[in-house]
Amino acid sequence: MDQPGFSSGVSCEDIQNDGCNAILKYPVNQWNQNLTATTDVNIEEKHFECEICAKELATKGSLTIHMRVHTGEKPFECQICKKQFSMKLYLKSHIMSVHTGEKPFNCEICTKTFSLKQGLKFHVRTHTGEKPFRCKICAKQFSHAQSLKYHIKTHTGETPFTCKICTKEFSMKTILKSHMRVHSGEKPFECEICTKHFSMKQDLKRHMVVHTGKKPFSCKICYKQFSYRSSLTAHMKTHL
């Protein structure tokens, strides 16, 4: 159901669950000037500034949650394994995916299941192609606000996450986490068919085409198909 005062297409729930605490209709600081949504969201302007990093948040609650980035506070504890989380949503997701295995939300298109409703909501965009978040610099569009935030760093060159072992810097914490497996040798992603392990999820995804034979990348000139984008790129040079 549409909320009064909101345009259809992007809801307040979408923005909060996408990890985007900024107002999309107007900029709250220089960094957020590069964030926009293809559908305007009409929200009363309120600025709450972090005293540590000067980041501005849309609500006082968002500021409270943001402060945990600096304090390291994780007030939500799993009663089963005692793991702690900074947000209640993360705890809920953890319990359902790790302990109960409960996934009550089903995609009607591909039957994939999800622990949380917002997970299903974001997934459906892979079928609809909806990309409501647009970069004001290069006009590239994204399905999720968080993906847009990460993308903005390719323009700013910001690399705030540093590996303590080799001092290599990264624009995203998730990339740093993946990089750390180079040092630890950890390979948490296992192929269910041949049990081969991989350090990164995308490497497992690339590997799966060995079993499926899927070739999603097609040459627009000769229509030859390839399993990998890199193979298509190399092939295109034969037409030059």
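Any Cβ shown, glycine's included, is placed from N, Cα and C.
Per TrEMBL, the feature domain 'C2H2-type' maps to 48-75, 76-104, 105-132, 133-160, 161-188, 189-216, 217-240.
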Tertiary contacts of the domain 'C2H2-type' (217-240), as residues 6+ beyond its ends and Cβ separation under 8 Å: 206, 209
Same-chain residues at least 6 beyond the ends of the domain 'C2H2-type' (76-104) whose Cβ lies under 8 Å from its Cβ atoms: 17, 65, 68-69, 113-116, 119
Tally of residues which DSSP labels helix, strand or coil - the domain 'C2H2-type' (133-160): 12 helix, 5 strand, 11 coil
Non-local residues, at least 6 beyond the ends, that sit with Cβ under 8 Å of the domain 'C2H2-type' (161-188): 150, 153-154, 197-200
For the domain 'C2H2-type' (189-216), residues assigned helix / strand / coil by DSSP: 12 helix, 4 strand, 12 coil
Secondary structure tally of the domain 'C2H2-type' (161-188) (DSSP, helix then strand then coil): 12 helix, 4 strand, 12 coil
DSSP helix/strand/coil residue counts for the domain 'C2H2-type' (48-75): 12 helix, 4 strand, 12 coil
Mean per-residue pLDDT computed across the domain 'C2H2-type' (189-216): 88
Residue distribution over DSSP helix, strand and coil in the domain 'C2H2-type' (217-240): 11 helix, 4 strand, 9 coil
Secondary structure composition of the domain 'C2H2-type' (105-132) [DSSP: H/G/I, E/B, coil]: 12 helix, 4 strand, 12 coil
